[in-house]
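Worksheet: the structure to be examined is printed underneath.
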Amino acid sequence: MINHGKNIKIFTGNSYPSLAEEIADIIGVQVGDSRVGKFSNGETAVDINETVRGTDLFLIQTLCEPVNDSIMELLIMLDAFKRASAGRITAVIPNYAYARQDRKAKARQPITAKLMADLIHTAGADRVLTMDLHAPQIQGFFDIPVDHLEGVPILAKYFINQNSNTDDLIVVSPDIGGVKRTRKFAEKLHAPIAIIDKRRPKPNVSEVMSIIGDVKGKKAILVDDMIDTAGSIVNAAEALVKMGAKEVSACCTHGVLSGPAIERLENSPLKEVVILNTIPIEGDKRIDKIKVLSVAPIFAEAIRRIYEDMPVSKIFQEE
């Protein structure tokens, strides 16, 4: 797939090696030879077992459970590649951790999303490739280029293929903050939108206040960037059914699915939950209601474009 004067290398940490291998396979290269383990005291140990001098290097490491271990692996590997004289280092981070801590919601709180950006840059990244940041303005926390991919085209294409007649569809934003994403999704389906007005009295707890829009007799599709404990999405689905929606599905980019999420989804009125695999969804999380779509093709195409110095934004124009 790639034919260029520079030498490309793809490496991965331990957070999601199967995704890195899928991306590398599409590009037509092998994942680089490295070992990431632990010293006896729990510190992260990294060995890079091949030369990377002068290469265009892409380190694929999503930031998922155990989150802080994933972060330390990323930072230490970036440092190793920088000290080994890699020509250009792109940190490929499908899911960017601490993205919800992007501002001071109350006094004396940290802005950890900014701290993360500083750490990644200082460790050695020359560029970042990520997908659906919880707050897009996090791109401005970096002093290096950030290529920000969107999950909406992949998710919308799935629902278009599943619904030959989109006349009875309505796309629903689970909160005011997600309206822009929901509108993009709805435009692809040529469907109207509705908005759920909710309040969040404390973290991971939400209450539906009202629904803006007519969902009666419609097939509703809830669109979010992330499903964590699934409280918000399940509350929204229950409210939509109560308001007369004949069917409710949900989709998101990042399936964190922590704590009671799986049990809540199982017991919810949701017909289907479509999730992109920016985070591994394995074992007990692979319930019948959950449909997982791969992000490997879009990341492979973005890596190809970065490597060949082509515009990444054209990916979305070609969708």
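The backbone N, Cα and C atoms fix where each Cβ goes, glycine too.
For reference, Swiss-Prot has these:
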type     : residues                                 : note
ACT_SITE : K198                                     : active site
BINDING  : N41, G42, E43, R100, Q101                : ATP binding site
BINDING  : H134                                     : Mg(2+) 1 binding site
BINDING  : D175                                     : Mg(2+) 2 binding site
BINDING  : R200, D224, D228, T229, A230, G231, S232 : D-ribose 5-phosphate binding site
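Feature map: annotations from Swiss-Prot on the structure.
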| residue | record | Cβ contacts under 8 Å, 6 or more apart |
| --- | --- | --- |
| N41 | ATP binding site | none |
| G42 | ATP binding site | none |
| E43 | ATP binding site | none |
| Q101 | ATP binding site | Q109, P110, I111, T112, A113 |
| A230 | D-ribose 5-phosphate binding site | L257, P260, A261, I262, R264, L265, S268 |
### Query
Hey, what's the Cβ neighbour count for S232 (D-ribose 5-phosphate binding site) at 10 Å?
23
### Summary
Per DSSP (three-state), N41 (ATP binding site) is coil
### Task
Just give me the nearest neighbour of H134 (Mg(2+) 1 binding site) among the binding-site residues D175, D224, T229, G231, S232, Cα to Cα.
D224
### Task
Using all protein chains in view, find how many other C-beta atoms are within 10 Å of the C-beta of T229 (D-ribose 5-phosphate binding site).
18
### Query
Among R100, H134, all listed as binding-site residues, which has the most CB atoms within 10 Å of its CB?
H134
### Summary
Cα of D228 (D-ribose 5-phosphate binding site) to Cα of the residue listed as 'Mg(2+) 2 binding site', in Å and rounded, measures 15
#### Entry: Entries of R100, D224, T229, S232 which, being binding-site residues, have CA atoms within 10 angstroms of the residue listed as 'Mg(2+) 2 binding site'
D224, S232
### Message
Quick check on the binding-site residues D175, D224, D228: which one has the highest count of other Cβ atoms within 10 Å of its Cβ?
### Response
D224
### Query
Record lists N41, G42, E43, R100, Q101 as binding ATP; longest Cα-Cα distance in Å?
31
